[in-house]
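Engineer: Shown below is the structure under consideration.
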Amino acid sequence: MTQDQLKQAVAQAAVDFILPKLDEKSVVGVGTGSTANFFIDALAQHKTAFDGAVASSEATAQRLKGHGIPVYELNSVSELEFYVDGADESDAHLHLIKGGGAALTREKIVAAVAKTFICIADGSKLVPVLGAFPLPVEVIPMARSHVARQLVKLGGDPVYREGVVTDNGNVILDVYNLQITNPVELEAQINAIVGVVTNGLFAARPADLLLLGTAEGVKSLKAE
């Protein structure tokens, strides 16, 4: 199977998982990226089964609207049963690295509201230790150099992602060469740097369920 076929299979598995638990009042949190796009396309086949969605990026909002799915502001929604999103890496505890698509801050906010966070990914994303994928950090533009110096002190090698402005008007530093043995601690350390909006570690609030697309089929993992 190609990587796209694996993503498609795992996206369909996520729809199959949440669909029986949705009703006409349900609002679904939807992530950003190529795997999330497959989820949106599969979810759109059942758009009469739920009320609408909260999007974690402008790109996701446009794709949802293109399918005729109502998109709500998070501030107008009191609860989200599910948030479904992809990841760049996951460990066995379902701590994640996200943010390759630069939507990490809104993704983290929507995940924080959701009762159940379902991560969908192809099998290559499950790793023993996080950090081979560079860790994205969203930064207030004027603080970029200051934050980069602090990230070097933490052992990282930050690189400015040129030409990228987030939906919030900020910039991204991608931090290479981190061996992330304690994701919860590192997430807090980086977020404590003045000028950081948030970083791509989803460890304080990890995924609740990881659906993994493999050649043998979709595997379902809960945190160890």
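Every residue, even glycine, has its Cβ placed from backbone N, Cα and C.
Quantities reported herein were computed from a predicted structural model and do not represent experimental measurements.
Among the features that Swiss-Prot reports, substrate binding site is placed at Thr32, Gly33, Ser34, Thr35, Asp85, Gly86, Ala87, Asp88, Lys98, Gly99, Gly100, Gly101, Lys125. Marked as active site, proton acceptor by Swiss-Prot: Glu107.
On this model, are these features tucked inside or out on the surface, and what's nearby?
Structural biologist: Close to Ala87 (substrate binding site) in the fold, though at least 6 residues off in sequence, lie Leu96, Ile97, Lys98, Cys119, Ala121, Lys125, Phe202, Ala207, each with a CB less than 8 Å from its CB.
Cβ neighbours within 10 Å of Glu107 (active site, proton acceptor), excluding its own Cβ and spanning all shown chains: 31.
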Engineer: Taking the binding-site residues one at a time (Lys98, Lys125), which has its Cβ surrounded by the most other Cβ atoms within 10 Å?
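Structural biologist: The most densely surrounded of these binding-site residues is Lys98.
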Engineer: Can you list, in sequence order, the residues of the same chain other than Thr32, Gly33, Ser34, Thr35, Asp85, Gly86, Ala87, Asp88, Lys98, Gly99, Gly100, Gly101, Lys125 whose CB lies within 8 Å of the CB centroid of the substrate site?
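Structural biologist: Nearby residues not in the site list: Gly31, Ala36, Ala121.
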Engineer: State the count of C-beta atoms found within 10 angstroms of the C-beta of Ser34 (substrate binding site), not counting that atom itself.
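Structural biologist: If we count other Cβ atoms within 10 Å of Ser34 (substrate binding site), we arrive at 14.
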Engineer: Taking each of the binding-site residues Thr32, Asp85, Gly100 in turn and counting other Cβ atoms within 10 Å of its Cβ, which one has the fewest?
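Structural biologist: Among the binding-site residues Thr32, Asp85, Gly100, the lowest count of other Cβ atoms within 10 Å belongs to Gly100.
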Engineer: Taking the Cα atoms as reference points, how far is Gly100 (substrate binding site) from Glu107 (active site, proton acceptor) in Å?
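Structural biologist: It is 12 Å, counting Cα to Cα.
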Engineer: Work out the three-state DSSP category of Asp85 (substrate binding site).
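Structural biologist: For Asp85 (substrate binding site) - judged by DSSP and reduced to three states - the answer is strand.
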